[in-house]
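A.B. asks: I have a structure here, written as structure tokens, and I will follow up with some questions on it.
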Amino acid sequence: MTALTTWPAHDPTTVALATTNAALIGSFLGGLGFRFERWPLVAGPRSAARAEDVLAAYRDPIERVARADGFAQVDVVALRPTGAPSFAATAAVARAKFRAEHTHADDEVRFFAAGRGVFYLHTRDATRGEEVHAVLCEAGDLLFVPAGTTHWFDMGATPSFTAVRFLHDPDGWVGDFTGSDIALRFPDFDTLACGGAAAAGA
Ligand SMILES: [Fe+2]
């Protein structure tokens with residue numbers, strides 16, 4: 001289930017907010033400059049690996065976002081267990097790359113057509129202070145992370161997701177890593193996905 005967990009950035013053991021209410025998640029993140037949407041799921045291609053099937057199934061909302069925000073390119077990235085012995089190694093490399101705090105010169109916008117992943121948003125707000133927000137995204141969720149946001153992404157030990165990417169410029173999505181190890185101090189994908197928000201505060 002889609003979930004939001006918020007902690008003070010200096011204290012990953014104290015949960016400031018935990019909710020699975022999509023409307024609350026949307027309004028809370030909206031107040032911090034992000035955008036979260038729930039799209040009605042299309043039954044057919046939810047587990048399909050073919051990019052063209054995913055893009056066709058969600059053509060209307062994809063075009064809406066691409067037009068509204070001026071995205072020049074839309075593609076699909078997918079990772080799911082294959083049963084091949086090499087999968088674990090491939091997955092570990094991919095996970096480590098994105099599970100390190102970074103920023104991008106471009107917006108990072110993802111729509112999950114299948115599977116799950118957690119975006120961690122590291123914010124500094126004049127009212128709320130410095131916080132980390134873990135957004136556990138599942139099929140049907142769109143998250144818009146503005147350019148310059150410090151964040152990381154955890155796909156878990158056994159990644160399984162299909163996500164639509166919106167890009168203004170493919171070169172703008174290169175990660176600029178902060179060098180911080182903050183990502184390793186917060187509950188990871190597997191903790192949040194299996195134990196929920198309550199486990200995150202344990
Ligand atoms: Fe990123």
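Cβ coordinates are placed from backbone N, Cα and C, and glycine is handled just like the others.
The feature Ni(2+) binding site is assigned by TrEMBL to His102, His104, Glu108, His151. The Fe(2+) binding site annotation in TrEMBL covers His102, His104, Glu108, His151. Taken from TrEMBL, the feature site 'May play a role in metal incorporation in vivo' covers Glu101. Marked as site 'May play a role in transmitting local conformational changes' by TrEMBL: Asp107. According to TrEMBL, the feature site 'Important to generate the dianion' maps to Arg110.
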A.B. asks: Consider only the recorded positions Glu101, Asp107, Glu108, Arg110: which of them have a Cβ under 6 Å from an atom of ligand 1? Write none if no residue does.
C.D. replies: Glu108
A.B. asks: Hey, how far is Asp107 (site 'May play a role in transmitting local conformational changes') from Glu101 (site 'May play a role in metal incorporation in vivo'), Cα to Cα, in Å?
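C.D. replies: Between the alpha carbons of Asp107 (site 'May play a role in transmitting local conformational changes') and Glu101 (site 'May play a role in metal incorporation in vivo') there are 15 Å.
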A.B. asks: Of Glu108, Arg110, His151, which recorded positions are close to Glu101 (site 'May play a role in metal incorporation in vivo'), meaning a Cα within 10 Å of its Cα?
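C.D. replies: Final answer, ordered: His151.
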A.B. asks: What whole-number Å value do you get for the CA-CA distance of His151 (Ni(2+) binding site) and Arg110 (site 'Important to generate the dianion')?
C.D. replies: 14
A.B. asks: Applying the rule Cβ within 8 Å of the centroid of the Cβ atoms of His102, His104, Glu108, His151, what extra residues of the same chain belong around the Ni(2+) site?
C.D. replies: Thr103, Val145, Thr149, Thr150, Trp152, Phe153, Gly175
A.B. asks: Using a 10 Å cut-off, grab the number of neighbouring Cβ atoms around the Cβ of His102 (Ni(2+) binding site), all chains included.
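C.D. replies: His102 (Ni(2+) binding site): 21 neighbouring Cβ atoms within 10 Å.
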A.B. asks: Whose Cβ, among the recorded positions His104, Arg110, His151, has more other Cβ atoms within 10 Å than any of the rest?
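C.D. replies: Answer returned by the neighbour count: His151.
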A.B. asks: Do you know offhand how many angstrom separate Arg110 (site 'Important to generate the dianion') and His104 (Ni(2+) binding site) by C-alpha?
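C.D. replies: The Cα atom of Arg110 (site 'Important to generate the dianion') is 14 Å away from the Cα atom of His104 (Ni(2+) binding site).
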A.B. asks: Test of understanding: give the count of other CB atoms lying within 10 angstroms of the CB of Glu108 (Ni(2+) binding site).
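C.D. replies: Looking across every protein chain shown, the total is 22.
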